[in-house]
Amino acid sequence: MLAARRLLGGSLPSRVSVRFSGDTTAPKKTSFGSLKDEDRIFTNLYGRHDWRLKGALSRGDWYKTKEILLKGPDWILGEIKTSGLRGRGGAGFPTGLKWSFMNKPSDGRPKYLVVNADEGEPGTCKDREIIRHDPHKLVEGCLVGGRAMGARAAYIYIRGEFYNEASNLQVAIREAYEAGLIGKNACGSGYDFDVFVVRGAGAYICGEETALIESIEGKQGKPRLKPPFPADVGVFGCPTTVANVETVAVSPTICRRGGTWFAGFGRERNSGTKLFNISGHVNHPCTVEEEMSVPLKELIEKHAGGVTGGWDNLLAVIPGGSSTPLIPKSVCETVLMDFDALVQAQTGLGTAAVIVMDRSTDIVKAIARLIEFYKYESCGQCTPCREGVDWMNKVMARFVRGDARPAEIDSLWEISKQIEGHTICALGDGAAWPVQGLIRHFRPELEERMQRFAQQHQARQAAS
């Protein structure tokens, strides 16, 4: 997703760091991972059980939801803040703080919650699994989140290619209406709340929150300039919060089990459990729920069956979806999978889509393919992105062939820096970072490829 990824470029401002809290009396944890089954939030992640209302009720969904609603917005926001939950769509912004922006006196305009289910980030499929196998968690999360911010309704914007998932979600919404769980007097709480599904049309840029809002309004999906921010002027000109599917879906469980319980997982400022997608050169690609701050090596070896050919065959990993810089094997040995640890490693958690590449990978060609994707998906609104990504794509194509000069490596780095931070949305950043990761860690590979091409060219000339 494209939700304000620039926060990944550095540490969070000090004014928001105090928002992360946990149980200060508990001893500080030093090891992470091996999440117990009783602590898993997504208990039907693999679709082994009934996803409809009857099955959801048997797994604890919709349990005491009325009590949660009756406790009011301040109590819900308090639990979310205590939990230390950070946005699961890529930016990692404190969820309780973000939702509290909506909790202000009404000016007569209705408030809306928009759920970003436009999951288009290459390598990412966690939200798809939630919608396909646990849709009632999302519907209940919309109700609880909507209550926290005083929203009148939720719009779930789902990727156009997710046809079956959208069908399951629509069935879950209908069941919730028929059971009186949403709609008029939701759960008997006296609170009215509606949920609507909006289908996307395949544009990656609509994963950016303001482009998504434009699309819901029936306009071309192009990001808006901010300010005004969606919390002031969002969908249909009304106060709006845009939140990721996973962020919304975990909120009822946090309220039921307590923010302190959720804060007990992971390192400080990196609380909770997290869905990880592991794909690429692993023996068993999977989506798994694990504790935040789990070591990357443990995540791959325990849940994905290890790297094909063994750990020593590992070349590099993209840890957070295609828009985060890759890290080489030497970094993968010890890095933890959380926001702060990956920022220190000059990359980011992003969507937690772990793309594993072994030594058979043509790393230059792999990154070039990602740049081609971003060139295609750029909306063209900003000159640095429109022209810069096209330029990067052409240079990377020459790097793949080796038909370039070593000085062009530095030129490409400068181009990426001119794109990063100079666009309306974060798509430009997402296109620049893979290139920066490649140059930072695999510059010798680029130079060797150019040298090899030059030698072959000289040999052909000599032969002719």
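Glycine too: its Cβ is placed from the backbone N, Cα and C atoms.
According to Swiss-Prot, the transit peptide annotation covers 1-20, on the basis of sequence analysis.
The feature N6-succinyllysine is assigned by Swiss-Prot to Lys81, with similarity to another entry given as support.
The N6-acetyllysine feature in Swiss-Prot is assigned to Lys81 (among others). Under DSSP, Lys81 (N6-succinyllysine) is assigned to a helix (H, G or I) in the three-state scheme. Cβ neighbour count for Lys81 (N6-succinyllysine) (all protein chains, 10 Å cutoff from its Cβ): 20.
Reduced to three states, the DSSP call for Gly89 (NADH binding site) is coil. The NADH binding site annotation in Swiss-Prot covers Gly87, Arg88, Gly89, Gly90, Ala91, Gly92, Phe93, Pro94, Thr95, Gly96.
When Cβ atoms from all protein chains are considered, those within 10 Å of Lys104 (N6-acetyllysine) total 13, not counting its own. Annotated N6-acetyllysine per Swiss-Prot: Lys104 (among others), in sequence order.
The FMN binding site feature in Swiss-Prot is assigned to 199-247; the stated evidence is similarity to another entry. Neighbours of Cys206 (FMN binding site), defined as other CB atoms within 10 A of its CB across all chains, total 29.
Taken from Swiss-Prot, the feature omega-N-methylarginine covers Arg257. Under 8 Å, Cβ to Cβ, and six or more positions away along its own chain, Arg257 (omega-N-methylarginine) finds no residue.
In sequence order, Val389, Asp390, Met392, Asn393, Ala431 constitute the residues six or more apart from Lys375 (N6-acetyllysine) in its chain with CB-CB distances below 8 Å. In three-state terms derived from DSSP, Lys375 (N6-acetyllysine) belongs to a helical segment. Annotated N6-acetyllysine per Swiss-Prot: Lys375 (among others), in sequence order.
Within 10 Å of the C-beta of Cys425 ([4Fe-4S] cluster binding site) there are 28 other C-beta atoms, taking all protein chains into account. Under the heading [4Fe-4S] cluster binding site, Swiss-Prot lists Cys379, Cys382, Cys385, Cys425, citing similarity to another entry as support.
A straight line from the CA of Ala91 (NADH binding site) to the CA of Cys425 ([4Fe-4S] cluster binding site) spans 12 Å.
Inclusion criterion for the binding-site residues Thr95, Cys206, Ile213, Gln220, Gly234, Cys425: a C-alpha placed within 10 angstroms of the C-alpha of Lys81 (N6-succinyllysine); this criterion is met by Thr95. Rounded to a whole number, the distance between the Cα atoms of Gln220 (FMN binding site) and Cys379 ([4Fe-4S] cluster binding site) is 10 Å. Following the DSSP three-state reduction, the secondary structure of Arg257 (omega-N-methylarginine) is helix.
Highlighted in sequence order, Ile205, Lys222, Pro223, Ser378, Gly380, Gln381, Arg386, Thr423, Ile424, Leu427, Gly428 have their Cβ within 8 Å of the centre of the Cβ atoms of Cys379, Cys382, Cys385, Cys425, the residues recorded for [4Fe-4S] cluster, and are not part of that set.
Distance noted between the C-alpha atoms of Cys425 ([4Fe-4S] cluster binding site) and Ile213 (FMN binding site) is 13 Å. Within 10 Å of the Cβ of Arg199 (FMN binding site) there are 16 other Cβ atoms, across all protein chains. For the pair formed by Cys382 ([4Fe-4S] cluster binding site) and Gln220 (FMN binding site), distance between Cα atoms is given as 15 Å, rounded to the nearest Å.
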